[in-house]
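Colleague: The transmembrane segment feature in TrEMBL is assigned to 155-179, 191-210, 231-255, 275-304, 324-346, 414-437. The domain 'Ion transport' annotation in TrEMBL covers 279-443.
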């Protein structure tokens, strides 16, 4: 094996090999796979195949031990079940294209794949194979474009910069809008101006001495404050908006570079919601830059996309949206009924204090009747009744105990309070709170499952207590989820005429969808 590996490194024929020319590395790899299977029956061979730690390599053995490390990293094993329900272990070489699968995609698939009734995630995992394989091909392709590859590799950095720039732009708008109204805009006391210059110098120095993400924020804040009072607010805001637009375009290019969006056809692009979201973000940046600064406020909703906890808060309302809407409809029906009763019997009690606009000359503040029509009754009960803690009775005329309809008013006020305020509104709040609690429990249970359950077979960690194979060894060697994906890639890229028996069997099972 080591001789074949060394020969492959030295031979230029490996890179220039065309046609059916056999590469020395492949010969060594086949020998390694054979030795790997024989090692199950020989502890000595099993020990010999283990690549030693880097610190233990001797100078004259580095090249040979590198061979073991290379073959170990490019060899995988899976288990398949035959028609007669016997299980068979397969050891195979990992195709080179599998190296281009990004860590972001691995994390996304690992955390979002759904479990089936047996606790396994195999079915949902394999349905994503085509997307993952296309991503590998695209990633291999963009390696030839160094600029696109560099931008794609730093996609998380561009996303963070976009969010921080959006926050800074909105802070500037909130503090200084409307621009130019103050006569002393852009003028600072000398002492404060000197402090800003000192802060800018210190933050710039820290940026070069400690090039960490934490030193970038103070630098940006000091530069923006100094530019506001040196260049003016409008030029600074224009520069920030242009920087945010340019950065988001870079992010979009990086996103397309990672996903290979346009290589999947027109329909997948239109249905790709993350891509459409980032396109919408670019459009909002352009509106804020060229139309009005207030459009920048919509960029703050990006926090929902960045924080899963905040997204669960929104989901607590949208997940059971039908229940909430139906309960709200019930509340509207009750408001309508109470409005009819008020219009028929308590019309004179619907008097409210009003404060008129100054332009309405000749009309004094005072009270006015708000239930002369049924529509006004509905609007008053809906607006005032739901917003007051005691119901609509808080804003109606305070009746005397000698009034003929005093008892009716008490019953009317109490019924509205108990039925609408206490029961119906709390039903809506209860649905939202229960949904949020369920989402939090699901998140905790999902995190627990990811840590303690095998992705492939669904066995839990405690099943491996006091066994010869630990749970960590099981999920990294016996049932490594990515080894199954790599085997599907091998079946996809290999010439069908060269299939082994297990590969032919798996290819047939893929055709019939029997995962």
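Each residue, glycine too, has its Cβ placed from N, Cα and C.
TrEMBL does not curate its annotations; it predicts them automatically.
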Colleague: Any idea what the model's mean pLDDT is for the domain 'Ion transport' (279-443)?
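Modeller: Across the domain 'Ion transport' (279-443), the average pLDDT comes out at 87.
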Colleague: Take the transmembrane segment (275-304) and find every residue of the same chain, 6 or more past its ends, with a Cβ under 8 Å from one of its Cβ atoms.
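Modeller: Answer is 162-163, 166-167, 169-170, 173, 177, 237-238, 241-242, 244-245, 248-249, 251-252, 255-256, 259, 261, 269, 310-311, 314.
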Colleague: For the transmembrane segment (231-255), which recorded stretch in the set 155-179, 191-210, 324-346 gives the largest number of Cβ pairs separated by under 8 Å?
Modeller: 155-179
